[in-house]
Amino acid sequence: MSSDRIKIVWIYPDLLSTYGDQGNTIVLERRAALRGIPTETVSLRSDEPVPADGDIYLLGGGEDRPQILAAHRLRGDGGLARAVQSGAVVFAVCAGYQLLGHEFGGEEGQPVPGLGLLDIRSGRGEQRAVGEIVGDVAAELNVPRITGFENHQGVTHLGPNAQPFAKVVHGIGNGDGFEGAYSGRVLGTYMHGPALVRNPGLADLLLRWAVGAELAPLDDSWAGRLREERLRAVVG
Ligand code: GLN
């Protein structure tokens, strides 16, 4: 944490807010506040420079063209890459996840250069992956089974410097039996919308990384009920 508060930077709401991923900022603010940790959230439009002093950067999903434009602007800006070099946390969803990689598929499937902050490459799959996703998270992350919703055409291949975030129990994810990827404190996922509402353990992982310490447990019985309901509906 660079100061007495966690600085959360929501990247490009004008391009990457199509799928309701902005709610993740509210979850992080709330779960930090319940531990007495102040936060400051900056919503950063795509014509503004990316500050390098954020603690957590969030990127959401988006349609193909806004995704290409966002990747182009973030590459030109360079602020996100500098922040990652200084140890910032990045949580990226779907289009945001893909554009962190070396390349992703554009609207005609053409390869589009990404930021190279994650050792992944994405292209277009045969079929759109739409529906519930459930996965068992890499043991070292200490996050319970994830439950979410995916909606993407892209398939993602991991290189040797990226670890799979979770093993798919239900759904498609990357298309290789795994869902998402991480390297250091940069984590991408295909889980849209209220990913951190449904997975408070994942929200706490990002906060732990940002604060650099363990966090006091919270009463998650309501979130737990939602998780149980979704898990029962999807995997029985
Ligand atoms: N355009 C990308 C894909 O279809 C990302 C879509 C999204 O963010 N939902 O794979």
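Glycine too: its Cβ is placed from the backbone N, Cα and C atoms.
Keep in mind that TrEMBL annotations are predicted by a computer and have not been checked by a curator.
Pulled from TrEMBL, these are the features on record:
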- CYS94: active site, nucleophile (ACT_SITE)
- HIS192: active site (ACT_SITE)
- ARG128: substrate binding site (BINDING)
- 7-199: domain 'CobB/CobQ-like glutamine amidotransferase' (DOMAIN)
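DSSP assigns the residue listed as 'active site, nucleophile' to coil, not to a helix or a strand.
Listed in sequence order, the residues of the same chain lying 6 or more apart from ARG128 (substrate binding site) and placing their CB within less than 8 Å of its CB are ASN151, HIS152, GLN153. Cβ packing within 10 Å was compared across the active-site residues CYS94, HIS192, and the lowest neighbour count falls to HIS192. For CYS94 (active site, nucleophile) paired with HIS192 (active site), the C-alpha to C-alpha distance reads 7 Å.
HIS192 (active site) falls outside any helix or strand according to DSSP and counts as coil.
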